Amino acid sequence: MQFERRAKPPLWLTLGAPLIAVAAALVLSGLLIALSGAPVFEAYGTIVTSAFGTRLAFTETLTRTTPLILTGLAAAVAFRARVWNIGAEGQFYLGAFAAVACAQWLDLPGVVMIPALMLMGALAGVILLVIPVLMRVKSGVDEVVTTLLLNFIVLLFVSLAVEGFLKDPMAFGWPKSVPLPAEARLDKLVPKTRLHAGLFVALACAVAVWVIDRFSTFGLRARAAGASAEAATFAGVPLTGTLIRVACLSGGLAGLAGAIEVMGVRGYLTTDLSPGFGYSGIVVAMLAGLNALGVVAAALFVAAVFVGTDGMSRALEVPSYIADVTVSLSLLAMLVAIFFSQWRIRR
Amino acid sequence: MSMWEILFTAGLWASVLRIATPLIFGTLGALLCERVGVLNLGIEGIMTFGAMAGWLAVFNGADLWTGLAVAAICGGLFGALHAVLTVSLGLSQHVTGLGITLFASSFSYYLFRLVVPVQGTPPTIEPFGPAFPGLAGIPGIGPVLAAQTAPTWLAIGAVLVLAWVLARTPLGLALRMTGENPHAAEAQGLDPIALRYGAVICGSALMAVGGAFLTMSAFNSFFPTMVQGRGWVCIALVVFSTWRPGRALLGALLFAFFDAYQLRLQTSLGKAVPYQLFLMMPYVLSIVALVIMSRRARVPQALMQPFRRGSR
């Protein structure tokens, strides 16, 4: 079988690719649900109602969407420039840590405190990603492996913090950090739910990243560096500087995600703050075709799968790992769908 | 016990070999894939799936060797999936590998939970016992060798076989050529696509056997997240080994030595140092190894470059 590149990918295929991929993933995970003996169509129905059926369910889905938009953007901006940031999980935790730690010695009114802590969280993420990217640019150390390994190091560091110098003395020995002061908490959007103002920050970031990507010189340079580093250098793009700035943007978004999650949802830091938001962000970015506005829709889908499956697995006794299976299958299906939107089989 | 005395205990060296075994299998598997030009980041998930599949087979009544074979076959299937996506379709090896890792690990947790519902203590199997207890009589290293199980000896055998095949056989030459310049290999009448498929499938099978060692020899039960980044450590060890099986063995042993040593320091230093600092050591060491070796590493020239017939 031979493939030839399409001169121009048809628009319907580019837009339809994520839908086809998601459908394929849902069919495949339906087979696995059937394997558990649960009624498949009832399971699909329960997933939808558990994610969107009630006001509470919908706010819960949006609460999950918030960090996924940010980690999805982090992956999208990095992958565009072929900076393989697989460390969003670590940047997320370090961002959350920075927010909680800085809140201990900052004594500011809420109006200043909240942006300051978000900035600290973003800064922590920036530092954590700039180092591996610098090591790649300067000495050719593959950033995939270093960012992956840093995830484990950061999680252990957070564990050390919440059992040591940041430990809450009132928590009866439970490993959690001291709580954030009230003025560092984000406002609730809907009373008696977990939905918080961080959603608007995430949406604003998506629009901002889209504008940067579309209309700025930096966005063009980043895309050029991703398309072909050699050609970009030849055209006069300062490669090192561009990659470092991409790393700042990507790491900053992932760190911000952590800070917002801890300020909006929990109010204190534990080692289970993220159920893999960093890794799911990669799926979100790919499903969105690395488009910043598409990230919002893809994050909503992934969040709905997680929240909906949670309810479904409790109701029908299907292991809840099926959510991760569905999400990872949609990533693999999306890769194939992107391929067939760019190539066709030669007859 | 002082830090110095620990070095002369048979227990330390026996656990060095035990800790090194999954790393040896994983590193050899990743090395074989990379030698033909395919980066296989599915390793973490493939090891997880191998650990689950091998354990599950034995739990359902198969004998231990059948369990290892089941793990290897499952690993080979994931390798075939990786090869379809990266060799035939030429998709991004980074993203595909991560996708395989996410899929293989969540799939193995799901299957495990289907068969073994949540309960207090996870069920156990009877794992591999010492392969040659008779060796204990040798003075000095006897107790260290006698404590090892069959898969450890298999791992050392695999190093020798892979080193010999890659360096001394026509097949090895063909594999290396595919990783350096697939077009030149094709011009010699070789089939780079078939070679890549074969190497990725065999390499992934090795990774899965490494995972299976965890549930079938090192421990006797399976639990989620048990692979703990060992796959990523293996990817770092491949760079450290400069893509040579012999040095991969050396790297895995060196790495396992630090890991075994820190475990013992942890018990002897007690609460003076937070245990997380010790647990960080393997990951920090991997990064250090990467930084040291990256400068002079001779990367296979066609690594991560898809091969398409009739195009440059």
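In case you wondered, yes, glycine gets a Cβ from its N, Cα and C as well.
Taken from TrEMBL as is:
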type	residues	note
TRANSMEM	B:6-31	transmembrane segment
TRANSMEM	B:38-58	transmembrane segment
TRANSMEM	B:64-85	transmembrane segment
TRANSMEM	B:97-116	transmembrane segment
TRANSMEM	B:128-146	transmembrane segment
TRANSMEM	B:153-175	transmembrane segment
TRANSMEM	B:195-219	transmembrane segment
TRANSMEM	B:231-257	transmembrane segment
TRANSMEM	B:277-294	transmembrane segment
In the same chain, who gets a Cβ under 8 Å from the transmembrane segment (B:38-58) while lying at least 6 residues past its ends? 22, 26, 29-30, 64, 66-68, 70-72, 74-75, 78-79, 82-83, 86-87, 93-94, 96-98, 100-105, 107-109, 111-112, 115, 125-126, 196, 199-200, 203-204, 207-212, 214-216, 221-222, 226-227, 229-232, 234-235, 303-304
Name the range, of those listed as B:64-85, B:97-116, B:128-146, B:153-175, that has the largest tally of Cβ pairs under 8 Å with the transmembrane segment (B:195-219). B:64-85
Contact yes or no, the transmembrane segment (B:128-146) and the transmembrane segment (B:231-257), 3+ Cβ pairs under 8 Å, gap 6+: no
Contacting positions for the transmembrane segment (B:231-257) when only residues 6+ beyond its ends and CB under 8 Å are counted: 15-20, 23-24, 26-31, 34-35, 41, 43-47, 101, 156, 159, 162-163, 166, 207, 210, 282-283, 285-287, 289-290, 292-294, 296-300
